[in-house]
């Protein structure tokens, strides 16, 4: 009798050819998690991980010798989930891989007819301008909702919330504190992802502290030094967005400094 994986091949989302922490195994597994969070439904969203490919070495006559003498340095590879597919069903073989010069070095089997994500150029900006190790493009409904709270706003602001401590400050290279005023740029949506490149780059330049960019009526891009950090930051943002929406419903400004905050806590904080 055939096992479940033979009856439904899409359930096989792990390849024994690669380590557990390799992007070919991580990306399908995490895409399924992000789908369950509502970030990747309807084939939306995108995900990428930077991976340091280590050239193999062998021990010979008590000296370490690289197998590949033509390139003596470790190489960075960038793995991307494909576009327009059921993200919860992605397989290890379905990924696109680019080198540090943004040249495609591997792609899915041709018979699958998978497409490269239009998010790739934006991902590469996060890699090159922020030193990211992973980037999530989420279609979170909370990110969309906070972009609509004030449709003239070019920023989302929130302060004095514990989960702000889960957000990395790209300028100070430290995590934010509870009393910090967290500011995230909001850019306008466009018909095609390619049209977002210029405003996205401007947001990165104008907001050196941010680890995310919100796209109005669309979603957000969020990054971190590792996939673990990126995932945790994205979850923290989602919590804060939801919280801000609920606060607005009861007439509380998420960006307002509380009257009863201890003065010592707020020394040096933005007002």
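Glycine too: its Cβ is placed from the backbone N, Cα and C atoms.
Model, not experiment: these values are computed from the prediction.
218 is the only one of 179, 218 that Swiss-Prot places in the Zn(2+) site (with 137, 139). Ranking the binding-site residues 137, 139, 218 by C-beta neighbours within 10 Å puts 137 at the top. Distance noted between the C-alpha atoms of residue 218 (Zn(2+) binding site) and residue 119 (substrate binding site) is 13 Å. Cα of residue 119 (substrate binding site) to Cα of residue 137 (Zn(2+) binding site): a span of 8 Å.
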